[in-house]
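Trainee: Residues or ranges marked as compositional bias 'Polar residues' by TrEMBL: 1-12, 423-432. Positions annotated as compositional bias 'Acidic residues' by TrEMBL: 28-44. Per TrEMBL, the feature compositional bias 'Low complexity' maps to 541-553. Taken from TrEMBL, the feature domain 'Poly(A) RNA polymerase mitochondrial-like central palm' applies to 104-242. Annotation source TrEMBL lists domain 'PAP-associated' at 311-369. Per TrEMBL, the feature region 'Disordered' maps to 1-67, 417-453, 541-576.
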């Protein structure tokens, strides 16, 4: 009789748990009500006996003392803490946190982590300056070459690994009009080859790839000192206009939200090699317009019932749901004009009868241009967005069940919650079949040596939902650290003959658009400001992060640095 009672209690608990998952915002209150209802049921208490320690901690009977920052090396599910949460305890307020609040906070932490530091931004500024000096030394007759940036660098929506999109405007001397001799494609191609030879001669780069017969002829290269990728086009001023649109949306219309959503989506696509238009991926401009359209058309935002800045995580999940599962790609064209609207693809003239599934986004700078007409891999991107929605919801569901029952209630969720990738991150790409789970036998039960569960009962153990879909490769961490090390070595400054630190602008989301700049260029005052800057890309807690440069960035010159719990160690060459 007791066995039947326990089984019935488990079924009711699972049903109640599903209802809680649907309404995450009220999950904490529902749990308290359920505990009161089951308070006199001895059999129910036996059912969740494995979670007694966690229950006591949640109820305040045990574990009231909050842990010290930096004591956690793994998340609640036994996976390594992702770089953006290193040194932190579980996000959210209280010991029974609101899950939506946890997701929102994690998005903010991720954006804070992935945002370029002032040093990284300054190095890119100097790369542009170096390019301009190469152009000046070419001494063209009656032509003034000017290096202009567009794309993600100009919009401040770039990732640390993003390239610099640059166009060389060949103006008639003394004017802002393109010189007549450089208005044909053939003339542009000849100039690209000339520029490529000059870049190598000046030591700007070692190799240049000239793609002369593309729709927009470009040079692809890497600046020699920093290793930053640079794409160079000629007289392509349309990119400058689109950059202005993006900056207007991110800095004026949605100043506290759009940048975070776009950066998360860009990183999501970049780590899957879906961010290059020439390979069928989606560029930064298209991503920005998709995010803007979602915010414009969101019913709760339109009614004023949703604070965008406080719901970044929820909006990111809804982005994946909208464009991965709901959006009508065959018939609808997106427009961000007139405060946002959906247009008929056929009436707009963007319908492709051979490929009706393609995404169509109207260019606000040129309403006859379809921004995403070159994104021929949209089917794969759409499926990936849908998969991301499923993965992040499963991660939330797994944590929700673990909080209530000690571990997820089915093997698929256990596998998703605890399976590491090859690079050590915890994101999963697919769920194994029931047959495969059964074949795993002991592995499917996710037990460590000694038979104890891998799930941590500590209510303050870190929890990461974004790591189910996002990761930061160790090579990215290493390259960022190397770039900052180069900054403090002063190599590029010596080449340009500039002061150590002429200007630094913070790009962190919390900083205003017109952030104050450092004007001191010499002496102890400028050095003191540099010493206060953060550049540790494996992000220890803010309270324990070392100053700069008293503890230098540790990264090996031969890329053999070893990753040890969020610290990259190197050995400098003896002759350095």
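Glycine too: its Cβ is placed from the backbone N, Cα and C atoms.
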Trainee: Check the domain 'Poly(A) RNA polymerase mitochondrial-like central palm' (104-242) for me and report the mean pLDDT.
Mentor: 91
Trainee: What does the DSSP secondary structure composition of the domain 'PAP-associated' (311-369) look like, as residue counts for helix, strand and coil?
Mentor: 19 helix, 16 strand, 24 coil
Trainee: Reported in the order helix, strand, coil, what are the DSSP residue counts of the domain 'Poly(A) RNA polymerase mitochondrial-like central palm' (104-242)?
Mentor: 61 helix, 33 strand, 45 coil
